[in-house]
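Have a look at the structure below, then the notes.
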Amino acid sequence: MEKKLKSWQGWLLFGGTMVVVFVLGMIAASVNERHAEVTSVMNNKKTEITGIEARNDKFESNYPREYQTWEATADTSFKSLYNGNQAVDVLEARPEMVILWAGYAFSKDYSTPRGHMHAIEDMRNTLRVGAPMTENEGPQPATCWTCKSPDVPRMMQAMGVDNFYKGKWASLGKEIVNPIGCADCHEPENMNLHISRPALIEAFQRQGKDITKATQQEMRSLVCAQCHVEYYFKGDGKYLTFPWDKGSTVEDMEAYYDEAGFADYTHKLSRAPILKAQHPDYEISQMGIHAQRGVSCADCHMPYKSEGGVKYSDHHIQSPLAMIDRTCQVCHRESEETLRNNVYERQNKANEMRNRLETELAKAHVEAKFAWDKGATEDQMKDVLKLIRQAQWRWDFGVASHGGAFHAPQEIQRILGNGLDKAMQARLATAKVLAKLGYTDDVPMPDFSTKEKAQQYIGLDMAAERTAKEKFLNTIVPQWMKEAQENNRLAKNI
């Protein structure tokens, strides 16, 4: 017997169908509207741009909204509980870090990063690049410029990638003058997202992956992964390389470096072969729930805005905490205060572990130096140095990542906890070495309660560093700018 729907069931089915059709229609309309907006912009360009255009202001007439929001990366007014867009002297706040980086340029100067508009200025100003008075002087290679400017792909094209990397940092000072901008992430002709730095492409190739097959949503993270990653300068040519061949976890990259016999520097106190993590933001973010659910970097750091009927990406790249209504609340219904506190809770817990690890690791370096001074042999110190290397790699991997405590809180806690364990093991191993040498008392600790005391303890002449830097900024940088201006390399707002 045929079963008929009751009247109310029929109407319910009809209503449900209409709702589904309406929603699908709205989605289709939104897609078509977005496509029409993009088509309209592309068909009404006022300036034709071809090739690598490093002067960001050349894009303003075609993309005024994107350009104006990009200019806002110069803003330094936002501050959250732990970060923001202000330059904060981290060594002043955490003098233990001076000890951890003894023998490396970061012990001289390390501040929290500002927005992309400050990329060139901040690099010139940091003590880490020294004060080179000629093109062939200075402690750093030209590789250090790689992520700072759209002038980089221009010069790589002109010089060849190998030649770009192997020069001195100062040799390109007159060429790399425009801060991170349009051409770093977009093809000038059509503004499609593209990869402008070879290291990411090469890392994919070594893993048997084809980056050209990436989806549009994946590209909204991969353009960031050109720079916001762990990397190192390989060989005498200082070739920029991502250590992803074995994987992208902290242990995978450590295994890669161990196999290569690589160390960024030898620690001045402990003599441990130290790995300096850069900023493994992409790697850590991929281990978190948001990336695992398909959320891209741009979804949270460059949310869409609407103006005059036009929908566009906000190019004021910054912390999502500065715009919770357009980031977190797009998906989450909780209040701004609740969502902000959710982030702070994760950061507080990671920070607690970080503080303990920094304290123990600083002591481990000092105690290792004490053991050397007491006559310890390389064979006796072998295990100590390995443990210190492992502990510091885990500390730096977690600390150097921007936003890691939010991106992947469980992974950050695991990494820092493992680092703390390694640091404690290193201290215990040193105590055993000292006992064999006949010393069983506590190792005397120097006073490194301030940045100045810590820098003095590791032998830095900061007055000389600052004097040399001032001379460099007042003489060499103006020469670079003058030559760039004469060669028409500078954007109007630089």
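Backbone N, Cα and C define each Cβ position, glycine as well.
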Same heme c 5 site per Swiss-Prot - residue from His279, His290, His365 joining Cys328, Cys331, His332: His290
Matching residue for the heme c 4 site, where Swiss-Prot names Cys297, Cys300, His301 - out of His194, His267, His407: His407
Residue in His315, His316, His402 which Swiss-Prot records at the heme c 2 site where Cys182, Cys185, His186 also bind: His315
Conformational class of His186 (heme c 2 binding site) under the three-state DSSP mapping: strand
For the heme c 4 site built from Cys297, Cys300, His301, His407, further residues of that chain with CB within 8 A of the site's CB center: Ser221, Cys224, Ser285, His290, Val295, Ser296, Ala298, Asp299, Pro320, Gly403
Neighbourhood of Cys144 (heme binding site) by C-beta distance under 8 A, where only residues 6 or more apart in the same chain count: Met123, Val129, Trp169
For the binding-site residues His186, Lys276, His332, His407, the one whose C-beta sees the most other C-beta atoms within 10 angstroms: His407
Same-chain residues at least 6 apart in sequence whose Cβ lies under 8 Å from Tyr231 (Ca(2+) binding site): Ala199, Leu240, Thr241, Phe242, Pro243, Gln278
